[in-house]
């Protein structure tokens, strides 16, 4: 039975690497996959999913107003059946895109695996991630670690001088030079200043 999977994490956890490996596993067995990425995310090139360890694969770039259900329905009528749809950087989608992916699962019977961030640098849910948390059939946390060794669940955004930013647009495409993954405690220290408990 097809399902909508949300694989979420903070930055630098290996989500894109996992996506590329999972898609390759299908392809190695002669199955067809469709890989999607937001058109404005050109870090690895337009229509390219790239990982920090150097793996890359071509993907179909989609625009904010694109109907992903219609796109996949059209593709499914061309060539071999589609065995799975993969979406990288899912937080760049709109909530409507999430529902279109759910329709791919429910109406076309094609599994959809999405990979993305849960929260932004201010600790707020991305709209698409919020929608995925609400309607995905299965959610899987992809883990990475803070510099202290604890599980990293948050991310801070840095300016060109490496200082932590507290304000700005929710979406700002960047990589290791712009974002650092931290545990909640160290994120709080960076965003709100080192907190010292008052004596009881």
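Even glycines carry a Cβ here, placed using N, Cα and C.
Per Swiss-Prot, the feature active site, proton acceptor maps to 89; the stated evidence is sequence analysis. What Swiss-Prot records for 9, 10, 11, 12, 13, 14, 15, 16, 88, 89, 90, 91 is ATP binding site. Summarising the annotation, Swiss-Prot assigns Zn(2+) binding site to 146, 148, 183, 186 and lists sequence analysis as the type of evidence.
Cβ neighbour count for residue 183 (Zn(2+) binding site) (all protein chains, 10 Å cutoff from its Cβ): 19.
Residues within less than 8 Å, Cβ to Cβ, of residue 148 (Zn(2+) binding site) and separated from it by at least 6 positions along the same chain comprise 183, 185, 186. Within 10 Å of the C-beta of residue 146 (Zn(2+) binding site) there are 19 other C-beta atoms, taking all protein chains into account. Within 8 Å of the Cβ centroid of the Zn(2+) site, not counting the listed residues 146, 148, 183, 186, the chain contributes 145, 147, 149, 150, 152, 182, 184, 185, 187.
Between the alpha carbons (Cα) of residue 89 (active site, proton acceptor) and residue 15 (ATP binding site) lies a span of roughly 9 Å. The most crowded of the binding-site residues listed here (13, 90) is 90, judged by how many other CB atoms sit within 10 Å of its own CB. Fewest Cβ neighbours within 10 Å among the recorded positions 88, 89: that distinction goes to 89. The secondary structure of residue 15 (ATP binding site), as reduced to three states from DSSP, is helical. A Cα-Cα distance of 23 Å separates residue 88 (ATP binding site) from residue 146 (Zn(2+) binding site).
Secondary structure from DSSP puts residue 183 (Zn(2+) binding site) in coil. Just so you know, the Cβ of residue 9 (ATP binding site) picks up 23 other Cβ atoms within 10 Å once every protein chain is counted.
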